[in-house]
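Enquirer: My structure is below; once you've seen it, I'll send some questions.
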Amino acid sequence: MAQVAGKKLTVAPEAAKPPGIPGSSSAVKEIPEILVDPRTRRRYLRGRFLGKGGFAKCYEITDLESREVFAGKIVPKTMLLKPHQKDKMTMEIAIQRSLDHRHVVGFHGFFEDNDFVYVVLELCRRRSLLELHKRRKAVTEPEARYYLKQTISGCQYLHSNRVIHRDLKLGNLFLNDEMEVKIGDFGLATKVEYDGERKKTLCGTPNYIAPEVLGKKGHSFEVDIWSIGCIMYTLLVGKPPFETSCLKETYMRIKKNEYSIPKHINPVAAALIQKMLRSDPTSRPTIDDLLNDEFFTSGYIPSRLPTTCLTVPPRFSIAPSTIDQSLRKPLTAINKGQDSPLVEKQVAPAKEEEMQQPEFTEPADCYLSEMLQQLTCLNAVKPSERALIRQEEAEDPASIPIFWISKWVDYSDKYGLGYQLCDNSVGVLFNDSTRLIMYNDGDSLQYIERNNTESYLNVRSYPTTLTKKITLLKYFRNYMSEHLLKAGANTTPREGDELARLPFLRTWFRTRSAIILHLSNGTVQINFFQDHTKIILCPLMAAVSYIDEKREFRTYKLSLIQEFGCCKELASRLRYARTMVEKLQSSKSAVAHVKASA
């Protein structure tokens with residue numbers, strides 16, 4: 001019987017009944033709404049669905065006594081019938097419960113009933129670096145340093161405790177509300193029992209698999225260094241080093257060490273990647289060597305990052321800040337194209353190469369072509385006409401948008417369109433195609449000129465040429481506070497907020513039945529007037545969020561809707577969306593208010 005530190009994992013005998021026989025628990029049991037730990041008598045309320053992976057489903061769970069919120073990983077015992085499955089689960093729990101580090105997902109206990117095993121973990125609300133990567137592709141060098149430093153710190157702790165993670169990848173590097181990295185998912189992890197032990201077997205396929213694992217030569221801590229090399233490459237280049245469309249070809253490239261680093265990558269960064277991706281595991285740096293590399297010692301590492309970095313690049317003003325904030329002049333960013341990290345005129349970052357233009361640039365149509373293609377493919381399969389529709393299987397909460405428009409007011413006959421984002425920041429797209437945004441602190445401002453050049457100011461210090469626009473912005477903000485929203489107190493500024501950049505409203509138009517809004521991060525939102533339903537489309541995540549008449553907010557992957565189908569209501573809105581995206585794309589000037597009627 002599998003055992004975790006004196007506590008057995010039991011699988012009820014009836015779970016082994018063959019399928020199709022009445023009473024067989026091979027039919028998936030309903031997960032209870034209240035989860036009870038029989039040992040401590042703690043009770044948890046099962047809340048929002050967070051996602052699924054492997055055998056497990058993950059939910060937000062709330063301790064009914066302390067009101068603390070956790071992530072509950074729930075595994076049906078029907079999936080733990082074979083000894084190796086049970087042993088794997090036992091090992092995962094045993095390893096994770098032995099760990100306690102700032103950059104490792106916190107373990108808060110586990111328990112079971114007849115049907116499920118429940119693991120109580122730290123909740124990471126900002127998902128993982130995988131979603132960030134899908135939205136951002138390549139990140140700026142200071143951001144890469146920030147995420148890598150924390151990942152290495154967590155991995156140092158694992159290695160010092162003789163744990164090899166064996167599946168370090170973007171999807172297993174989770175982010176909390178403070179944008180701190182937490183290493184999670186110890187399903188493939190193992191413990192080194194004695195010095196020099198080489199592990200021979202590995203159940204499962206790691207994402208960034210090292211050549212010595214493929215060669216079955218025995219492996220150890222060096223596999224995690226290889227994975228960190230792949231992570232660093234992916235963060236800076238925007239795609240994994242050995243990626244091909246065919247797994248066999250990818251493995252061949254790994255074995256041959258066949259990859260190339262684009263010329264625009266800083267040579268210091270390229271050198272560190274090359275060291276970590278050496279075929280010979282003994283010639284790779286150890287985890288303790290990494291943070292002493294020039295890449296980390298010579299470059300700027302932000303102490304905090306704003307959550308806006310999940311979808312748009314940050315602005316780097318001063319590293320570290322030495323100027324009294326009250327004396328700072330408004331900072332104006334040099335416009336280098338929308339996807340380049342913004343350089344501010346006042347102070348340059350530590351290294352010139354940090355600001356080099358990424359190899360790819362954001363498409364001129366802001367991902368409308370991709371969205372059109374995605375919607376065309378989806379609508380072609382007629383998802384609401386399937387014989388069996390299982391819309392809930394298409395749900396993917398990890399793809400939930402970072403920003404959407406929560407309120408808007410149309411004054412375009414005189415001034416422009418005012419709107420509020422879900423984080424309570426407020427913006428106006430003026431009729432002259434300029435934009436002004438006030439952050440949710442009620443003080444910071446972002447001004448975007450017609451040519452997309454961005455400037456950063458505050459309500460206490462701005463050029464007189466902007467006086468009228470700032471007065472109008474405040475008017476819009478007050479109007480929406482009084483008439484359209486629950487007035488909320490200003491949020492307290494936190495460290496890292498000075499690096500925030502918000503997506504802005506790129507273009508919009510109204511039809512008889514809806515308003516269509518296109519944000520600069522690629523998101524398209526359609527609000528339907530009659531029933532107040534909304535859809536929010538993200539081409540980078542290839543996902544749609546649907547807010548129905550009951551104001552329930554659910555996010556689906558478009559590819560999974562193709563596979564599992566969807567209700568007629570969502571299908572008709574997705575057909576309408578395709579027509580609207582086509583209209584957005586064909587408008588000659590997709591940077592302001594498009595006149596339309598449909």
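Placement of Cβ uses the backbone N, Cα and C atoms for every residue, glycine included.
As annotated in Swiss-Prot:
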- 404-482: domain 'POLO box 1' (DOMAIN)
- T10: phosphothreonine (MOD_RES)
- S25: phosphoserine (MOD_RES)
- S26: phosphoserine (MOD_RES)
- T201: phosphothreonine (MOD_RES)
- S260: phosphoserine (MOD_RES)
- S326: phosphoserine (MOD_RES)
- S340: phosphoserine (MOD_RES)
- 1-23: region 'Disordered' (REGION)
- 185-212: region 'Activation loop' (REGION)
- 487-501: region 'Linker' (REGION)
Enquirer: Just to confirm my parser: what is the rounded mean pLDDT across the region 'Activation loop' (185-212)?
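Expert: Mean model confidence (pLDDT) across the region 'Activation loop' (185-212) is 89.
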Enquirer: Would you mind checking how many other C-beta atoms are within 10 angstroms of the C-beta on S260 (phosphoserine)?
Expert: 7
Enquirer: Could you give the Cα-Cα distance between T201 (phosphothreonine) and S260 (phosphoserine), in whole Å?
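Expert: Given the Cα positions, T201 (phosphothreonine) is 30 Å from S260 (phosphoserine).
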